[in-house]
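Colleague: Just lifted these from TrEMBL, have a look:
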type: ACT_SITE; residues: Glu1283; note: active site, proton acceptor
type: BINDING; residues: Cys56, Cys61, Cys64, Cys86; note: [2Fe-2S] cluster 1 binding site
type: BINDING; residues: Cys126, Cys129, Cys161, Cys163; note: [2Fe-2S] cluster 2 binding site
type: BINDING; residues: Leu274, Val275, Val276, Gly277, Asn278, Thr279, Glu280, Val281, Phe354, Asp377, Leu421, Lys439; note: FAD binding site
type: BINDING; residues: Gln789, Phe820, Arg934, Ala1101; note: Mo-molybdopterin binding site
type: BINDING; residues: Glu824, Arg902, Phe936, Thr1032; note: substrate binding site
type: DOMAIN; residues: 17-104; note: domain '2Fe-2S ferredoxin-type'
type: DOMAIN; residues: 246-431; note: domain 'FAD-binding PCMH-type'
Amino acid sequence: MSISEDKIKNKLQSPGDDLVFFVNGKKITEKNADPEITLLTYLRRSLGLTGTKLGCAEGGCGACTVMVSKYHPNQNRIIHYAINACLAPLCSLHHCAVTTVEGIGSVASKLHPVQERIAKAHGSQCGFCTPGIVMSMYALLRNNPQPTMHDIQEAFQGNLCRCTGYRPILEGYRTFTKDGGCCGGKSQTNGCCMTNGNTQEHENSAHPVQHLYDQSEFMPLDPTQEIIFPPELVSLSKQTQREMRFVGERVLWIQPCSLKELLELKATYPNAKLVVGNTEVGIEMKFKNLLYPVILAPAYIPELNIIQHTQDGIEVGASVTLTVLGDVLQSAVKKLPAYQTEVFKAVLEQLRWFAGQQIRNVAAVGGNIMTASPISDLNPVFMAAGCKLTVMSKGEKRVLEMDDKFFTGYRKTALKPEEILLSIEIPYTKKGQYFSAFKQSPRKEDDISIVTCGMNVYFKEQSNTVQSIRISYGGMAPVTVLATATCNKLLNRQWNEDLLEEACSSLAEEMSLSPSAPGGMVTYRRTLTISLFYKFFLTVQHKLAVSLQMEGVTVEDIQPEFSTATELFQVDTPSSVQLYQEVPPGQNEDDVVGHPIIHLSALKQATGEAVYCDDMPCYENELHLALVTSTKAHALIKSIDTSSAMSVPGVVAFISAKDIPGSNMTGPVVYDETVFADDKVTCVGHIVGAIVADTQAHAQRAAKVVKISYEELKPVIVTIQDAINNKSFFEPVRTIEKGDVAQGFKDSDHILHGEMHIGGQEQFYLETNCTLAVPRGEDGEMELFVSTQSASKTQALVAKALGVPANRVVCRVKRMGGGFGGKESRSTILSTVVAVAAQKVKCPVRCMLDRDEDMLVTGGRHPFFGQYKVGFMKNGRVMALEVTLYSNAGNSLDLSLSILERALFHMDNSYNIPNICGTGYMCKTNLPSNSAFRGFGGPQGMMIAESWMSDVALSCGLPAEEVRRMNMYNEGDLTHFNQRLDQFTIARCWEECMQLSDFNKRKDAVEKYNRQHRWTKRGLSIIPTKFGISFTAVFLNQAGALVHVYSDGSVLLTHGGTEMGQGLHTKMVQVASKTLEIPCTKIHITETSTSTVPNTSPTAASASSDLNGMAVYNACQTILQRLQPFKEKNPKGCWEDWVTAAYFDRVNLSANGFYKTPDLGYDFDTNSGRPFNYFSYGVAVSEVEIDCLTGSHKNLHTSIVMDVGKSLNPALDIGQVEGGFMQGLGLFTLEELRYSPDGYLYTRGPGMYKIPAFGDIPSELKVSLLRDAPNDKAIFSSKAVGEPPLFLAASVFYAIKDAITAARAESGLTGPFRLDSPATPERIRNACEDKFTKLCPPADPGTFIPWAVQV
């Protein structure tokens, strides 16, 4: 019998039990624990512990990592593990101790070594991911005070960082390892400290090794000083447990303490969900709007936690976590003979790449099976192994085999509603049995799979004849499937080439997919089923040959050049070198310009004390806002029904266009957008209204039930191709032409045509957009705390929407958790809405977007499509070029024109083309408006240039590096927009990079490797970049600063730039310190505010240090002039004496500074003028290895030489180079935004959208800042560094293309071929055409509706 909804409602009226747990050593008794509240919300909102951050709410970024400790009565010990607080239900923490980043140390009292080392090793830039990384490391050290580098890399699989490029984090934490940051000479590369001295001596004997930080200053780790586990919890855990009930608004949480109770409850509530880690149900409730009124928590039931060895295998209880399962199997593999543990090894191989450590620590093996996900990593293994599942209900217990009947439909199993899964038995293998598991995903670590499989074969004794075989696939149907037909064909066959051929053609037929299948990538997935079987075939053939040989039977072994296809993926320990020019001896010790000092907020960021927008304490009467957005891409709004929403508890108001006191029109350049959609929506995610309520949860719940009815409009234009077909473009069309293009083509030996598509990119700042608006109650005043790069634009657009002058609105920015251009103009779409709401409800309103909302509404980097025609001589010299660029601008103009112009300015990259013509179109589409992102169109323009350059080299059959070098500019040349190149250092960068990377030796090694291996190939590429520095809109090249000197000698500095992790405030303090000749400690920057420096330009275009630095310098000079008479009177005095004297003499000790970049301005009609103040240059060499069967690749080596002038701060600059490079690596090889043909974004979080992780950094990374290259155009001879390095990641893309070229040659394919960006495993595999790809031809376009389209 099941209980009716009314009865559940009645249960929700009765009071629940007290939840008892500890946080940072303090006991907490929560009388009203709501099952829907996560630990993260409780820490931040109820306890005010804001160090733990919200990055994604789905357990994919690690920003919310905390450590949980609990006493384990069975093992009689205390266990510590890292978890994602964003998924952990508060109710699951009964009798646990939670440690957050605040609990281990603080700047105010004492830092913990884990906090100190990440900060001092420059591993914290914006700092938003830092507390989570600190806690992952802390939990590792609590369990293992002397970890290996491999342990550290594993601990970070569930943590993401968007700023640093990961290298400094690993480097800083390497100091905790057994070898104390030394590889013990085992590193064969010259990233080793023992050889480092030598390499640098032969590269540059005059410059000894310098380090960015001094390791000897680090505090030692003392494990005895950690917080003790509360003794009270030990005694509480030893007492007899009773059933616990926690009652929320909508959910009843029951934690039974015996199996009998659990079965009774499941009989009473057959639809109740069993939750252990909440890593699946939590996501369903949040993102799929599912509600489970009753949740049963069986985590503590002994029978569900058993681990026992039976005669057939190991039986594991359904509540056992994946981490524990891994430990159990690991120890079995060590103890038992190898032939018995084939399945265990396969499960362990899948667990290595299963989510991140924080998820594995809580996710239960039973949950993984019962979720019945079609792309589960483990189910195909369990199915191929024929694991036995014990299921139980109140009346019976039965054993099922996991076979093709177990999964009955999408996310459904053969269990009855009242049954629970008790345990799974993972079997031993026998002699003559071989088992493998494979998982293919876009990114290696913490990623959902595209295709997974388990393969199991058993041979007749002393032969290679198949006795039985089972092959199971995930990702090929709505359920995990067995390839039964294929397996039946292989029985009693010999394991040889004939069997392989039969298996491949049979799999191609049996594992078919509709071309419209959900998940897309149909050709790739079908090819993978065959390629993965081929890997299994080779693995088994090799193992069989070896074991039969011992028994005196000879069968053919695999060819040596096939051996790499059988190897499992190994993670290399990364090594790195950073080179920079040290300051000359004798520089004043107070002058820290040129020194690698740490980011001024790094220590606060590492302790969680740094305050971000959403960390500000709540106001007394504060309300929360949630957006209501469109679900249609192009439609008229017929009606909005808010009745259900208004009846949700705590809801105060619904805000829409009619509530706007001022103007609904908005936009950063032209007013072509609305604050709220009025009668029409033009994209999915278009903001229609907003709900204001007492809590974020109530606001979000209400927003989801606002009903909007639409009348759909045609056409829906989503892709660039749609826009071209419908002639849907924004005005104007831009053209730059130089020379005589027609004549150039006539003079050329050859002409080739080509095209390339470059996908968009989500900024993925770890801190999503956030605004807190506080109405001041008089004269229409409003104070805004915003995470934005454009304080002045936010002020102006909010004032416009509120209908007040700008002087009534103050916008304040303390710091951002990353920006990258995404908060330059798009942050205002949220700020205006929150301000209008605050004005209406007359109290403070806060909104921090969830990751899925942020990705939906804000747009990202512009996708580009380029078509080119290039004329060249047979020696590779390019004579003429015609390029047409199309950018996907989205539904409004935003900054698209400036982005397109920058793409045209960079269409030459670093190459001198005598006759050139480029035209650019901005496509108007039904997508959220695309916007600024680091590089701002430059990388897209240069990527097209490198595409035709690579085609030219392939057509001529010449080495790509020679063709590139031959076409490069020289000092004094004019660009295609007629600007002279002065102080042109790219040739120096090129030579140094060739030397730093040992290019020629490396090239020979790559060629040798490729001759010896058929199924893995290596590639090598060298790519230059030239990036113009200045806003192309001339008026933006201005900045202001304000310097207050107080009578005690301390200095308060304010300037127009915002801090988003790039270290701008740190550099400005360095500039002021050098100018005023006082130590940095006397200078403080508190925030950026429109009330101190007005009319500021956005912190963008890499120019902020140049502009604000000069403004700060200008203000400081004014102060110095005023102090000069007092210095002359008292030359022996100190700073404080002169300031005091000036104050008593009534001298003004406050000065504002201003700067505008001179001689800028360009005219498109005459193609003349100076669009840029100067250029930043760089060159990178990268080497990769691709797996031709799966399309995966490994980044083996990257060397970068970057010209940053005379660096203001080498640590920050190298951080920018590495961080920019890693973002580019994401853009060109990993990150893919996927839209449906109706304009719906599928990739709305780290689950589906993959930014680079710790494991994606090149195994060997060398970064060198060019020496002796002062730049007279900027402050203290420095150069801009934010955007220029990003494009250098194209060296990885073209290295991949080089490797694919080698793979194609094996199939007899030569010459240019098209490879679009990003070079995902899918694109790499499909480009490596071979006998397997031929078995899976793609369906003809136009014959089906694809699941996703290339926008």
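Every residue, even glycine, has its Cβ placed from backbone N, Cα and C.
Predicted, not measured: the structure shown is a model, and the values here were computed from it.
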Colleague: Run through the Cβ atoms and count how many others sit within 10 Å of the one on Cys163 ([2Fe-2S] cluster 2 binding site).
Modeller: 29
Colleague: I'd like the Cβ neighbour count for Asn278 (FAD binding site), meaning other Cβ atoms within 10 Å of its Cβ, all protein chains included.
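Modeller: A 10 Å sphere around the Cβ of Asn278 (FAD binding site) contains 26 other Cβ atoms.
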Colleague: Give the residue counts of the domain '2Fe-2S ferredoxin-type' (17-104) per reduced DSSP state, in the order helix, strand, coil.
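Modeller: Across the domain '2Fe-2S ferredoxin-type' (17-104), DSSP assigns the residues as follows: 15 helix, 31 strand, 42 coil.
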Colleague: Grab the pLDDT values for the domain 'FAD-binding PCMH-type' (246-431) and give me their mean, rounded.
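Modeller: Mean pLDDT across the domain 'FAD-binding PCMH-type' (246-431) comes out at 96.
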Colleague: To see if you understand the setup: which same-chain residues, six or more apart in sequence, place their Cβ under 8 Å from that of Thr1032 (substrate binding site)?
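Modeller: Once residues fewer than 6 apart are set aside, Thr1032 (substrate binding site) is near Ser898, Glu901, Arg902, Phe905, Tyr1162, Pro1171.
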Colleague: Closest of the binding-site residues to Leu274 (FAD binding site), Cα to Cα, picking from Cys56, Cys129, Gln789, Phe820, Ala1101?
Modeller: Cys56
Colleague: What other residues of this chain sit with their CB within 8 A of the center of the CB atoms of Cys126, Cys129, Cys161, Cys163, the recorded [2Fe-2S] cluster 2 site?
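Modeller: Same chain, not in Cys126, Cys129, Cys161, Cys163, Cβ within 8 Å: Ser124, Gln125, Gly127, Phe128, Thr130, Arg162, Thr164, Leu766, Gly817, Gly818, Gly1061.
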Colleague: Taking the centroid of the Cβ atoms of Gln789, Phe820, Arg934, Ala1101 as the Mo-molybdopterin site, which other residues of that chain lie with their Cβ within 8 Å of it, listed in sequence order?
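Modeller: Apart from the listed residues, the neighbours are Gly819, Gly821, Gly822, Glu824, Ala932, Phe933, Phe936, Thr1099, Ala1100, Ser1102, Gly1282, Glu1283.
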Colleague: In Å, how long is the longest CA to CA span across Leu274, Val275, Val276, Gly277, Asn278, Thr279, Glu280, Val281, Phe354, Asp377, Leu421, Lys439, which the record gives as the FAD binders?
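Modeller: Between the most distant Cα atoms of the FAD site, 27 Å.
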Colleague: Taking the Cβ of Cys61 ([2Fe-2S] cluster 1 binding site) as the reference point, list residues of the same chain whose Cβ is under 8 angstroms away and which are at least six residues distant in sequence.
Modeller: Gly55, Cys129, Gly132, Asn159, Leu160, Leu766, Arg851, Pro1246
Colleague: Output, ordered by sequence, the same-chain residues six or more apart from Phe354 (FAD binding site) with a CB under 8 Å from its CB, or 'none'.
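Modeller: Result: Leu322, Arg360, Asp377, Leu378.
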Colleague: Restricting to the same chain and to sequence separations of six or more, state which residues have a Cβ under 8 Å from that of Ala1101 (Mo-molybdopterin binding site).
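Modeller: Those within reach of Ala1101 (Mo-molybdopterin binding site), by Cβ under 8 Å and sequence separation of 6 or more, are Phe936, Ile1029, Ser1030, Phe1031, Leu1036, Glu1283.
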Colleague: Round to a whole number and give the Cα-to-Cα distance in Å for the pair Cys126 ([2Fe-2S] cluster 2 binding site) and Phe820 (Mo-molybdopterin binding site).
Modeller: 11
Colleague: So around the [2Fe-2S] cluster 1 site, Cys56, Cys61, Cys64, Cys86 aside, which residues have their CB within 8 A of the centroid of those CB atoms?
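Modeller: Along the chain, the qualifying residues are Leu40, Lys53, Leu54, Gly55, Ala57, Glu58, Gly59, Gly60, Gly62, Ala63, Asn84, Ala85, Gly132, Arg851, Pro1246.
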Colleague: Return the residues near Val276 (FAD binding site) by Cβ distance under 8 Å, restricted to its own chain and a separation of at least 6 in sequence.
Modeller: Ala297, Pro298, Ala299, Ser319, Thr321, Val362, Ala363, Ala364, Gly366, Gly367
Colleague: For the recorded substrate site formed by Glu824, Arg902, Phe936, Thr1032, name the remaining residues of the chain with Cβ within 8 Å of the site's Cβ center, in chain order.
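Modeller: Surrounding the site, in chain order, are Leu895, Ser898, Ile899, Glu901, Ala932, Gly937, Gly938, Phe1031, Ala1100, Ala1101.
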Colleague: I'd like to confirm something. Which of the binding-site residues, Cys64, Cys86, Cys163, Gln789, has a Cα closest to the Cα of Asn278 (FAD binding site)?
Modeller: Cys86
Colleague: Taking the binding-site residues one at a time (Phe820, Phe936), which has its Cβ surrounded by the most other Cβ atoms within 10 Å?
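Modeller: Selected residue: Phe820.
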Colleague: Do you know offhand how many angstrom separate Arg934 (Mo-molybdopterin binding site) and Leu421 (FAD binding site) by C-alpha?
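Modeller: With distance taken Cα to Cα, Leu421 (FAD binding site) is 50 Å from Arg934 (Mo-molybdopterin binding site).
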Colleague: List only the single closest residue to Glu280 (FAD binding site), chosen from the binding-site residues Cys56, Cys64, Cys86, Cys163, Phe820 by CA-CA distance.
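Modeller: With Cα distances computed to Glu280 (FAD binding site), the winner among Cys56, Cys64, Cys86, Cys163, Phe820 is Cys86.
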Colleague: Whole-number Å distance between the CA of Leu421 (FAD binding site) and the CA of Cys161 ([2Fe-2S] cluster 2 binding site)?
Modeller: 38
